[in-house]
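Inspection log for the structure reproduced underneath, given as structure tokens.
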Amino acid sequence: MRRIKIFDTTLRDGEQSPGASMSIEEKVEMALMLEDLGVDLIEAGFPVSSPVQFEAVKRVASAVQKPIVVGLARCVEKDIDAAYEALKDRPKDKRMIHVFIATSPIHRKYKLRMEKEEILERIRRYVGYAKQFFDLVEFSAEDASRTEVPFLIEAYKTAIEAGATTINVPDTVGYALPDEFGELIKTLREGVPGIENVDLSVHCHNDLGLAVANSLAAVQNGATQVEVTLNGIGERAGNCALEEFVMILKVRKDKLPYETGIKTELIYPASRLLTHITGLIPSRNKPIVGENVFLHESGIHQDGVLKHRETYEIMKPSDIGRSSETLVLGRHSGKHALRKKLETYGIKLDEETFQKVFEKFTELADRKKEVYDDDLFSIVSEVLREPINGYKLVHFHVHTGNTLLPTAAVVLQVGNEKREAAEAGNGPVDAIFKAIDKALGIQPKLEEYIIQAVGTGKNAQGEVKLTLRIDNELYSGRGVSTDIVEASAIAYINAINKYLIAKGLLRKNGGAE
């Protein structure tokens, strides 16, 4: 069987999903999970784009051991320099730069305003420049699927001659159909000189719902690497979903003689961790990881499954790490049991972070009798999301009733600074949001608000995921508590903290600017 490399770009392209931004700590934890999952390459970010992106790439590069860590760069010298600075401490065979430039007529005319020869010269110059610092260089011709094939062949030929070790073919706007994309890969495989000496990669977007199909067509026509994201998250309609591509190869190995290094039993835990970190919940009918995948409501289907599961299921829940055993720990469970349970889901924490998780676990175990798997995911992601210098909810009080005007008072703290405010609203949640706005002097617009139960039974925690629009940018927040008003306030503050940190409005030593 031919081995297909899995290039995961959840931390870079996936993070470009509106509201899916991750803190540095969250990126590191997600990268460790991706390493356990078995991906071959992790694209950690775009180092030149911001100090936070630079530091995230650097931290991921120092945290993981096995995968190749990749930094993105335009065909611009400062981009390549930044990628090198972020990755220079990593062994040469474990670091890669991914340089790109657009090649399609529409990009040449309207975005780059360059002629073909200028683009070829940039490829030659900057792939060669990157090669001075990196043994492994991937070159992408952005919008390749809408580029004239003869020019595309020339672009990839130029990149290989300049030292590229991987050429990547992006279907940047998800425009291609599987048969034509497969034919394009075949044409490149046959027509680009030197292509037999490099990896041939594809990066498919899902605008027409064909990202996975196009990636499969590419592999069937000679691609050796596929670029993916967990849960298919990414720009616009997203990217080729890791879990779908990998499980198609596993389930249909009778027709698809390809394999990957993915440990499929960690797919569901990885998906759940990403959901808790980003707040982006896969639709219930999402293939592989959706909540409905192994549920059967029709009487005929239920009868068939009870008699033999394979009548209506083509894979087992255990194939992707889903288990019906959800009850895990209680108030008498110790650190060893907690750490062991987390490790079964591929979650590895340093001692300081684990201690914070254990403290929150014991607090929760005192408040509810039974602690479930989803409770643990919530605790871990809550700890990872806590900005070191962000505002925290110290105290709140809500006064409400069906004959009263709901009011809320809050006390927020960052460093040694406290802010207090009270406001009325259309219900207790609206009142506490308005009180937070007043305390911080910010006027966000609530774009999305979702509440769901974590665990089962009357003691279940409420998990709130929301998205705020501030300065015309989206920031996601998440909060968990047995009190849904408190969970809502935590989520709201979490999103605002992301905004304040992104804009440099929180001092490093605590306190707001």
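Note: Cβ is positioned from N, Cα and C throughout, glycine not excepted.
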Mn(2+) site partner of Asp13, His203, His205 (as recorded in Swiss-Prot), chosen from Asn239, Asn285, Asn292: Asn239
Sparsest-packed among the binding-site residues, when each Cβ's other Cβ atoms within 10 Å are tallied, from His203, His205: His205
Mn(2+) site shell beyond Asp13, His203, His205, Asn239, criterion: Cβ within 8 Å of Cβ centroid: Thr9, Pro170, Thr172, Cys204, Asn206, Ala211, Glu227, Thr229, Gly234, Glu235, Gly238, Cys240
